[in-house]
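The domain 'Palmitoyltransferase DHHC' annotation in TrEMBL covers 199-327. Marked as transmembrane segment by TrEMBL: 48-74, 86-103, 115-132, 245-268, 288-312.
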Amino acid sequence: RWLTRKPLPPGALERIADSIADRLRVPWFSGAVRVNVSLAPPLLLLPVFLHLAALHFLLGLVVLTSLPVVVLWYYYLTHRRKERTLFFLSLGLFSLGYMYYVFLREVVPRGHVENSQVVVLTCGLILMLAALSRAKKDPGYLPIPAGNEKPSHQGLPNKSVRGSSGGLHGISGAASSRAVNGEAKGYCRMSAEQPEGVKKDWCTKCQLVRPARAGHCRLCGRCVRRLDHHCVWINSCVGEQNHQAFILALSFFMLTSVYGITLTLHTICRGRSVFVALLYCPGAYSDYSSALSFTCVWYCAIVTAGMGYILLIQLLNISYNVTEREARLALRDNTGRRLLGGLVIDTGQYNRGLLCNWGHFLSLGASPPQRSAEDIV
C-alpha cells in the first residue's frame with residue numbers, strides 16, 4: 001500500500017514497528033533475548049556522525065549543529081507520548097566510552113599526556129559511573145497498597161477533600177500540618193511544624209495518600225517521595241533517595257569532561273589557551289587523527305554545556321529548597337516568584353536560608369529526627 005501510494009489502515013505503522021521490535025532478538029543460552037530498539041541508534045549513528053564530521057570543517061559544523069536538534073526532537077516526541085526510552089541513557093554511556101576510546105587511541109600516543117593524567121581522568125570516569133549507578137536505584141518509591149486498594153482514612157483527623165487539577169485531592173487538617181518523611185525542620189532550631197498550606201494528597205492512580213512534596217511520575221507510573229523530576233538521562237525519577245547521587249554524578253561528569261577537553265586541546269593545539277583553541281585551532285584538520293580528536297572535543301563541549309546548565313539549575317533549586325516539580329506547579333498556579341533572571345522559582349514554602357536548605361538536602365534519605373515528648377505536647 002505504501003509503494004502504490006494507497007492509504008494505510010489506522011495504526012498500521014505502529015503495529016509494524018511493534019512487530020519488528022518484538023522480533024529483534026539476540027540468541028542466548030537460556031533463549032532469545034529481546035533487544036530494546038532504542039539502544040541501537042546511539043551505537044550505530046554516533047561513530048558514523050563523528051567520523052563524518054572529521055572529514056571537513058563544514059561537515060563538522062553541520063553534524064554538530066544537527067545532533068542536538070535531533071536529540072531534542074526525540075526527547076519531545078517521547079515526552080509527548082509519555083514513553084520511557086533507553087535512548088538517552090545509551091547515548092550518554094556510549095558517548096563516555098567512545099570519547100575515552102578516542103582519547104586513548106588518538107591523543108595519548110602523541111606523547112604530551114602523562115600517565116598520571118590518564119589515571120586521574122580514568123578515576124574521574126569510574127567515580128562518575130559509580131554515582132550514576134547509585135542514582136539509578138530506588139528514588140524513593142512509595143509502596144503501593146496490596147491489591148491496589150484505597151487505604152483507610154480513619155487515621156486522618158479533620159480531613160476535608162477537595163478537587164484539584166490532575167485528579168489529585170488535597171487532604172488538609174491536623175495531620176497535614178506536621179512534617180513527614182524527614183521534612184521536619186529539626187535542624188537550625190526551627191519549628192517541627194510544616195509551613196502553612198502544606199497538605200497531603202490522595203493519588204487516584206496509586207490509590208494511596210502521598211506525604212508532603214511527594215508526586216506521581218506519569219512515566220514510571222509510581223509516586224515518589226520529594227519528587228524532583230523524571231530524568232531521561234538515567235531513565236528514572238530523581239527523588240528523595242537518589243537526588244544526592246544524581247548531583248554527585250553530574251559534578252563528576254563536569255569535572256572529568258572539562259579535564260579531558262583541556263588535555264586534548266593542549267595536545268592538538270599546543271601553545272593556546274583552552275577557550276582560544278576551542279574556537280580557533282589552525283592545525284586541527286591537518287590530519288584525520290587531529291580532526292577526529294577536535295570533533296570529539298566539540299561534541300564533549302556541547303554535551304558539557306547542556307549538563308552544566310542542568311547542574312546549575314539543580315544547585316540553585318537546592319539553595320532555595322525547591323524541586324523542579326514544585327517550580328512547574330508554582331509557575332502554572334502563579335504562586336512563585338522568578339529570581340536570578342528566571343533561573344530559579346522561589347515558592348517561599350520551604351525556603352529557610354542557604355545553610356538550612358543545604359543542610360536539609362544533605363540529610364535526604366536519612367531517618368527523620370526524633371521528636372521529644374515536650375515537642376509533641
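Keep in mind that glycine also has a Cβ here, set from the backbone N, Cα and C atoms.
The transmembrane segment (245-268) makes contact with the transmembrane segment (86-103), as judged by at least three Cβ pairs under 8 Å among residues 6 or more apart in sequence. Across all of the domain 'Palmitoyltransferase DHHC' (199-327), the predicted model scores a mean pLDDT of 91. For the domain 'Palmitoyltransferase DHHC' (199-327), DSSP puts the residue distribution at 68 helix, 19 strand, 42 coil.
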